[in-house]
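K.L.:
Quick one: this structure, given as structure tokens, is what I'll be asking you about.
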Amino acid sequence: MVKHGVGLMRVDPVGPLKGELTLPGDKSITHRAIILASLADGITEISGALRSHDCRDTAKAFRAMGVAIDELNDERLQIRGGGLHGLKEPTDVLDLGNSGTTMRLLAGVLAAQPFFSVLTGDQYLRARPMARVVLPLKSMGATILGRDAGNLPPLAIKGTRLKAIDYVSPVASAQIKSAILLAGLLTEGETTVTEPSLSRDHTERMFDAVGIPIHRHGLHLRVDGVKTIPAFEIVIPGDFSAAAFFLVAALVIPGSDLTLREVGINPTRTGLLEALQSMGAVIEVSRRRIVSGEPVADLHVRSQTLHGTEVAGALIPRMVDEIPVFAVAAALATGTTIIRDAAELRVKEVDRLTAIAKELHRFGVEIEHCPDGLIIHGRSALSGCHCDSWGDHRMAMTLAVAGLTAEGSTTISDPSCVSSSFPDFWTRLNAVMPGAAVPLEG
């Protein structure tokens, strides 16, 4: 196994992707399930939980606050929640690794707890902006200190009784929305959040699924403070963001024929499907159903010829995590693709707009770097190269897809960073394209 931060992965274009694949549990939903289960009264069971570094960091934080979390098997968790006010003051700083979701959502929970806590993370997380969550929580009465006037971690939180607010978010962000909604559960009165456009709605759906009253009207949400959250059972669907890498690879690698089973197709997450369809892709969606409040289906994709398109506006929040791999599809499409309104990618784990532009250029792609997006001129083939994952899980998997289409071998630095969201990515890739990924010593 390649250790995090060292080593290389060689990716070879050894043939089409064939067969069927199941994906790991959805990362966003797993985070939220662990958080709500830890605040619930009684024993909750989570099936299909993602066991990535990020989700483990969420569980580790709640264990440090006295919550019993048992791993029943590779995909099942049993959590003994102590109630909304059952958390205990942690005896040490809570290290959340690389998980921005954990830090932002946990800030909403801890702001209303009657104790002191400190949240920190790795070098990448400590460089990510937190003011977007800190400022609305402060307006609820929270005391939160951090570097750069509270914008950068570590964050020191002195919990207190919060007051309900009506918050109008300047950006469409599920993390901002969720932090305020979680704080609102612990606050007397009505807390409202209004977004400029719809962001992923897993928190709202999970509230509905476990019996927490939430009122939705367009882009406006309202939650009332509650006295208790009942324990629940939940099944986590396959992660659409994980499926995206295989969808794009199967589309652009000739002869591919791939079925992805049990994938979450929440419409606030599937902007990539619409973007690919606008390029001429036909993706079959079958066996649609609802599982624990989330829409789930099987996806069937064959290799196809794509053409350039433009993506912008309200579509961007619905595909923000998939834009890196979408750029690979654009690089192999006929004509030019324009991505706009995607400045949010600059404040992810790394500046993903810069990372995409620099790394795809190594493959020979003609790509223009704009303040809020990219202009990508498609070509018929990529050239194998050595490229840098930037220590970012989504960049590493994006570069793997590019390498699968390239002429010659591609090597990728720090391949084990995929463990943030998809620990067995390389294994599952080799399952549908045997011999495609070979670990090398760094």
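Glycine is no exception: its Cβ is also placed from the backbone N, Cα and C atoms.
Sharing the feature lines straight out of TrEMBL:
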DOMAIN    12-429  domain 'Enolpyruvate transferase'
BINDING   K27, G100, R128, Q175, R352, R394  phosphoenolpyruvate binding site
BINDING   K27, S28, R32, S173, Q175, D321, K348  3-phosphoshikimate binding site
ACT_SITE  D321  active site, proton acceptor
K.L.:
As a test of reading the model: what is the averaged pLDDT for the domain 'Enolpyruvate transferase' (12-429)?
P.N.:
97
K.L.:
If you skip the near sequence neighbours and keep only those at least six away, which residues in the chain come within under 8 angstroms of Q175 (phosphoenolpyruvate binding site), Cβ to Cβ?
P.N.:
G100, T101, R104, L105, R132, V133
K.L.:
Which of the listed binding-site residues (R32, R394) has the least company, meaning the fewest other Cβ atoms within 10 Å of its Cβ?
P.N.:
R32
K.L.:
Determine, from DSSP, whether K348 (3-phosphoshikimate binding site) sits in helix, strand or coil.
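P.N.:
It is coil.
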K.L.:
Spatially speaking, which of the binding-site residues R128, R352, R394 is closest to S28 (3-phosphoshikimate binding site)? Use C-alpha to C-alpha, please.
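P.N.:
Closest by Cα distance to S28 (3-phosphoshikimate binding site) among the binding-site residues R128, R352, R394: R394.
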K.L.:
For the binding-site residues S28, S173, which one has the sparsest Cβ surroundings, going by other Cβ atoms within 10 Å?
P.N.:
S173
K.L.:
Between S173 (3-phosphoshikimate binding site) and R352 (phosphoenolpyruvate binding site), what is the CA-CA distance rounded to a whole number of Å?
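P.N.:
Given the Cα positions, S173 (3-phosphoshikimate binding site) is 17 Å from R352 (phosphoenolpyruvate binding site).
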K.L.:
At the level of the C-alpha atoms, what whole-angstrom distance separates R32 (3-phosphoshikimate binding site) and R128 (phosphoenolpyruvate binding site)?
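P.N.:
Roughly 20 Å, rounded to the nearest whole number.
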K.L.:
Would you mind pulling the DSSP three-state label for R128 (phosphoenolpyruvate binding site)?
P.N.:
coil
K.L.:
Expressed to the nearest Å, what is the distance separating R352 (phosphoenolpyruvate binding site) and D321 (3-phosphoshikimate binding site) at their Cα atoms?
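P.N.:
Their Cα atoms are separated by 10 Å.
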K.L.:
Across the listed 3-phosphoshikimate-binding residues, K27, S28, R32, S173, Q175, D321, K348, what is the farthest Cα to Cα distance, given in whole Å?
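P.N.:
Overall maximum Cα spacing for these binding residues reaches 19 Å.
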K.L.:
Return the single residue from the binding-site residues list (K27, K348, R352) that has the minimum number of other CB atoms within 10 Å.
P.N.:
K348
K.L.:
Express the distance between the Cα positions of K27 (phosphoenolpyruvate binding site) and D321 (3-phosphoshikimate binding site) as a whole number of Å.
P.N.:
12
K.L.:
I need the CA-to-CA distance for R394 (phosphoenolpyruvate binding site) versus K348 (3-phosphoshikimate binding site), whole Å please.
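P.N.:
One finds 10 Å between the Cα atoms of these residues.
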